[in-house]
Structures are given as structure tokens and as C-alpha cells.
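K.L.:
Right, I'll just put the structure down here and ask away after.
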Amino acid sequence: MTVFEGRFTDAGGLRIAVVVARFNDLVTGKLLSGCLDCLSRHGIDVAETSSQLDLAWVPGSFEIPLLAKRLASSGRYDVVITLGAVIRGDTPHFDVVVAEVSKGVAAVARESGVPVIFGVLTTDTLQQALERAGIKSNLGWNYGLQALEMGSLMRSVPA
């Protein structure tokens with residue numbers, strides 16, 4: 001029996017794209033900081049001149065799948081990380097955005113064969129979002145770790 005597992009220490013040659021929503025940037029900026037910290041501590045060059053990492057900003061979470069698809073389909077990246085924050089309001093808008101971004105990100109991964117990490121927070125309040133972006137823990141770090149594991153795993157599984 002063969003067992004396939006991703007390793008966090010096999011990140012050296014990975015090419016990673018990160019798509020970040022500007023809307024709720026108080027939250028998404030913190031997620032990005034946590035994500036970049038994780039990637040850096042695991043050997044990914046996160047400098048502005050990096051050839052391993054590209055960063056793309058979109059207006060909001062709804063736009064994430066479109067750009068994630070373009071990046072994943074380019075053949076340049078081993079993994080794409082998506083970061084956003086959708087916070088419930090008084091209208092059904094939350095439900096529409098959350099449904100479309102989650103389905104869209106999943107579809108990009110299935111169609112492209114490139115792992116796409118779903119790092120879009122879906123919370124009822126700003127406080128909940130902030131707790132997940134750094135007050136209690138920073139899920140951006142976890143999303144970075146998931147990207148490293150999936151990038152490594154995909155390299156180890158024969159096509």
C-alpha cells in the first residue's frame with residue numbers, strides 16, 4: 001500500500017499565488033500577514049521581488065473565483081490561496097456571496113487540478129472575524145500551512 005502525504009518541509013520549489021479581497025481589509029490584511037508569516041517560516045520567499053509568490057487583490061470575495069481560475073489555469077502555480085471575509089449583515093446578500101465564492105473556489109480546484117485553499121471567513125459579526133484573523137488565532141497561518149501541504153502532496157501523487 002502506498003501512502004501519500006504532503007510535507008511542510010518540501011516547500012522549497014513551490015510557486016504560490018494568493019488572491020486577497022479588499023473588502024473587509026481590516027480582517028483580510030491580518031489573514032494575509034498570518035499567511036505570509038507561515039509561508040516565510042517554511043522557506044517560501046515572500047519578498048516583493050520573490051519568484052515563488054505572487055499576490056493579487058480583488059474588490060471583494062465574490063470576485064475571488066474568477067481571478068483564482070485565471071491564476072490556476074495559467075500553469076505557473078502549484079497552489080492558489082484565497083483570502084476573504086464575508087460578514088453577515090441585515091440582508092440576504094451574505095448568503096448569496098458565501099454560496100457563490102465557496103462553490104466557485106471548489107470549482108476552480110476541480111477544473112484546474114490545482115489546489116485552491118479556501119481561506120474566506122464567513123462570520124456573523126466583525127468580532128468573530130477579528131478573532132479568527134489574529135485576536136485569538138490567525139487562520140491565515142493555517143491557510144498557508146494547508147497550501148504547503150497540498151502543494152507537496154500534489155507533487156508526490158503520480159498524474
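Here the Cβ of each residue, glycine as well, is placed from N, Cα and C on the backbone.
A quick note: this is a predicted structure, and the numbers were derived from the prediction, not measured.
Pulled these from Swiss-Prot:
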- His93: active site, proton donor (ACT_SITE)
- Phe23, Ser61, Phe62, Glu63, Ala85, Val86, Ile87, Phe118: 5-amino-6-(D-ribitylamino)uracil binding site (BINDING)
- Asp90, Thr91, Arg132: (2S)-2-hydroxy-3-oxobutyl phosphate binding site (BINDING)
K.L.:
What's the CA-CA gap between Ala85 (5-amino-6-(D-ribitylamino)uracil binding site) and Arg132 ((2S)-2-hydroxy-3-oxobutyl phosphate binding site) in angstrom, rounded?
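P.N.:
About 10 Å separates the two Cα atoms.
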K.L.:
Quick check: of the recorded positions listed here (Asp90, Thr91, His93, Arg132), which one has the Cα closest to that of Glu63 (5-amino-6-(D-ribitylamino)uracil binding site)?
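P.N.:
Nearest candidate: His93.
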K.L.:
Rounded to an integer, what is the Cα-Cα distance in Å between His93 (active site, proton donor) and Phe118 (5-amino-6-(D-ribitylamino)uracil binding site)?
P.N.:
20
K.L.:
Hey, does DSSP put Arg132 ((2S)-2-hydroxy-3-oxobutyl phosphate binding site) in a helix, a strand, or just coil?
P.N.:
helix
K.L.:
Measure the Cβ-based neighbour count of Ile87 (5-amino-6-(D-ribitylamino)uracil binding site), defined as the other Cβ atoms within 10 Å of its Cβ.
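P.N.:
I get 18 for this one.
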K.L.:
Considering Cα atoms only, can you say which of Asp90, Thr91, Arg132 is the nearest neighbour of Phe62 (5-amino-6-(D-ribitylamino)uracil binding site) among these binding-site residues?
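P.N.:
The smallest Cα gap between Phe62 (5-amino-6-(D-ribitylamino)uracil binding site) and any of the binding-site residues is with Thr91.
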